[in-house]
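S.K.: As annotated in TrEMBL:
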- 16-35: transmembrane segment (TRANSMEM)
- 21-306: domain 'Sugar phosphate transporter' (DOMAIN)
- 47-72: transmembrane segment (TRANSMEM)
- 84-102: transmembrane segment (TRANSMEM)
- 108-130: transmembrane segment (TRANSMEM)
- 165-189: transmembrane segment (TRANSMEM)
- 201-220: transmembrane segment (TRANSMEM)
- 235-255: transmembrane segment (TRANSMEM)
- 262-283: transmembrane segment (TRANSMEM)
- 289-306: transmembrane segment (TRANSMEM)
- 321-350: region 'Disordered' (REGION)
Amino acid sequence: MGKGGTLSDSVIKKIVLSYSYVAIWIFLSFTVIVYNKYILDKKMYNWPFPISLTMIHMSFCSTLAVLLIKVFKFVEPVSMSRETYLRSLVPIGALYSLSLWLSNSAYIHLSVSFIQMLKALMPVAVYSIGVLLKKEGFKSDTMTNMLSISFGVAIAAYGEARFDVFGVILQLGAVAFEATRLVLIQILLTSKGITLNPITSLYYVAPCCLAFLFVPWIYVEFPVLRDTSSFHFDYAIFGTNSLCAFALNLAVFLLVGKTSALTMNVAGVVKDWLLIAFSWSVIKDTVTPINLFGYGIAFLGVAYYNHAKLQALKANEAQKKVQQGDEESGRLLEEKGGGDGEGKKIESED
């Protein structure tokens with residue numbers, strides 16, 4: 001094979017790998033959502049204890065994260081002071097625990113398909129909280145797009161056959177806490193130059209989440225579990241469920257590391273449509289035409305939002321290249337000027 005053939009092969013290999021990472025992430029994300037629904041739903045496995053399930057996940061993930069970092073040295077821990085941990089990581093851990101608790105609780109009350117439709121509000125929540133905390137600048141066109149997403153979700157909610165007010169409040173609360181967490185990561189960590197991959201995130205955040213969840217668990221779920229003498233811990237179910245949750249974090253590490261966070265956002269849209277189709281065809285959840293029409297509007301808004309972010313990233317990259325080119329040109333001119341000066345000096349000495 002010639003040079004061109006080798007280049008073509010390497011490009012094809014890169015494309016195949018990228019799509020493989022996307023497929024693995026979609027599969028694991030899909031599996032965790034459906035598995036959690038199966039465990040928590042009263043019509044399925046019938047174990048409606050979302051705090052306990054989240055605590056099992058956090059215990060399992062934090063243990064494996066410690067092993068990967070401390071024993072197997074898979075990734076290096078991030079060096080941070082105790083003050084940084086308390087001021088930055090603890091608030092993020094608190095928000096993460098609330099987000100997971102509420103989102104898992106929503107599966108008891110709402111269908112998988114409707115929850116995915118409500119999750120389309122995530123860009124709206126992230127942008128709104130970013131504006132409130134002065135991390136994002138207010139733009140009328142972006143806000144118009146956010147309103148169109150909200151309008152689409154409202155139509156989807158109007159057409160929901162199994163509408164549950166409490167379930168909707170739980171899911172909207174989960175979206176709000178998760179959006180606040182994402183904005184605070186930018187303010188408290190990224191701005192300080194601290195970057196955490198999914199494994200180091202679990203290493204620092206999972207124990208913190210476990211501590212926060214322990215308080216409501218003692219008062220809400222522990223008394224019920226204690227009085228339920230028929231319950232026996234199913235190691236096969238909860239072990240494989242926790243393993244899927246941890247594998248999902250590793251898949252995020254691969255996907256974002258090898259492609260980009262934007263690719264994950266786009267893949268997330270594909271995953272949501274697959275979950276809606278699965279919820280309708282396999283779980284037999286009712287999906288109405290109004291549901292689909294409303295979510296279609298929200299989907300277009302989210303797609304436009306992702307497109308706008310991609311264009312902004314391209315513009316930033318182009319601007320950086322121009323600045324680098326200007327700096328390089330300036331440096332060359334300075335070197336040339338310095339060389340000419342030295343030449344003149346030598347001539348005058350002669």
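Every residue, even glycine, has its Cβ placed from backbone N, Cα and C.
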S.K.: Mind checking which residues reach the transmembrane segment (16-35)? Cβ under 8 Å, same chain, six or more beyond either end.
M.R.: 112, 240-241, 244-245, 247-248, 251-252, 254-255, 258-259, 263-264, 267-268, 270-271, 274-275, 278
S.K.: What stretch of 47-72, 108-130, 201-220 shows the most Cβ pairs under 8 Å to the transmembrane segment (262-283)?
M.R.: 108-130
S.K.: Using a Cβ-Cβ cut-off of under 8 Å, list the residues of the same chain that are 6+ residues beyond the ends of the transmembrane segment (289-306) and lie near it.
M.R.: 113-114, 117, 120-121, 123, 142, 145-146, 148-161, 262, 265-266, 269, 273, 276
S.K.: Below 8 angstroms Cβ to Cβ, which residues of this chain, lying six or more residues outside the transmembrane segment (108-130), approach it?
M.R.: 33-34, 37, 40-42, 48, 50, 136, 142-143, 146, 149-150, 152-153, 156-157, 160, 162-164, 166-168, 170-172, 175-176, 178-180, 182-183, 186, 272, 275-276, 278-280, 283, 285-287, 291, 294-295, 298-299, 301-302, 305
